[in-house]
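As recorded in Swiss-Prot:
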BINDING   R8, I9, N10, Y11, K66, Y123, R127, S131, R190, L191, H192  substrate binding site
BINDING   61-66, 76-77, 82-83, Q105, 140-141, W184, R194  FMN binding site
Amino acid sequence: MTTLADLRINYSRASLDEADAAPDPFAQFDRWFKEALAAKLPEPNTMTLATVGADGRPSARIVLIKGVDERGFVFFTNYESRKGHDLAVHPQAALLFYWIELERQVRIEGRIEKTSAEESDRYFASRPLGSRIGAWASEQSAVIDSRATLEAREKAVSERYGDNPPRPPHWGGYRLVPDSIEFWQGRPSRLHDRLLYTRDAAAASGWTISRLSP
């Protein structure tokens with residue numbers, strides 16, 4: 001087995017101070033996301049989505065963020081997938097963005113709601129044709145007997161709908177409405193900077209900021 005104990009990096013690129021932090025986490029996230037884009041990181045919109053099933057078993061996977069505003073963080077998927085079933089019984093989730101090149105993480109927790117049909121339709125129409133066909137062809141997370149079966153379904157959907165497949169009823173968007181967002185900046189000697197935004201109706205910005213021990 002490969003020895004792992006000595007694999008480590010001493011983080012030193014930047015700091016995160018309360019005086020420099022935006023008053024609300026959406027503005028802070030926008031700032032960091034723009035910096036990730038400017039740094040030309042590969043797919044900075046990738047995030048880990050963690051859910052819990054009816055049996056209490058957690059699961060996590062990488063998904064793509066497709067929208068962020070003051071209402072929350074939006075992603076799209078198959079409602080009949082494992083994550084879809086998890087969210088149907090436990091509409092709470094956690095997101096994690098990890099931008100290792102900038103030595104940064106963003107951890108987000110909150111409740112899940114479906115986006116409107118109009119939002120889902122609008123995003124679905126913007127997807128490449130192959131992705132729209134794939135949304136029909138794939139029974140996401142279901143067992144299939146072979147790759148050939150999947151490709152046969154893809155061909156059948158393409159022949160049925162041509163260049164204009166509608167959005168499947170089992171496919172659409174979710175919005176995570178956060179109640180806490182943590183920004184993590186790596187620092188030397190593992191004494192990292194961690195600022196936690198928590199919803200607070202009494203605060204002027206609607207959020208309070210706390211520094212967490214690393």
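The backbone N, Cα and C atoms fix where each Cβ goes, glycine too.
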* What is the interatomic distance between the Cα atoms of R8 (substrate binding site) and R61 (FMN binding site), given in whole Å? -> 24
* Return the maximum Cα to Cα distance in Å (whole number) over the record's substrate-binding residues: R8, I9, N10, Y11, K66, Y123, R127, S131, R190, L191, H192. => 43
* Asked: CA-CA, which of the binding-site residues F76, R82, Q105, S141, R194 lies nearest K66 (substrate binding site)?
  -> F76
* To do: Could you tell me which of these binding-site residues, V63, I65, has the fewest other Cβ atoms within 10 Å of its Cβ?
  => V63
* **Residue among the binding-site residues R8, K66, R127, R190, H192 whose Cβ has the most other Cβ atoms within 10 Å** => H192
* Asked: Could you tell me the C-alpha distance between R82 (FMN binding site) and H192 (substrate binding site) in angstrom, no decimals?
  -> 34
* On a count of neighbouring CB atoms within 10 A, which of the binding-site residues R61, R82 is highest? -> R82
* Among N10, F76, which are binding-site residues, the residue with the most C-beta atoms within 10 angstroms of its C-beta -> F76
* 10 Å Cβ neighbour count around R194 (FMN binding site)? -> 17
* How big is the gap, in Å, between the Cα of F76 (FMN binding site) and that of H192 (substrate binding site), rounded to a whole number? -> 33
* Asked: How far is it from R190 (substrate binding site) to Q105 (FMN binding site), counting Cα to Cα, in Å?
  -> 14
* Structure fact -> For S141 (FMN binding site), the same-chain residues 6+ apart in sequence with C-beta under 8 angstroms from its C-beta are N78, E80, S81, R82
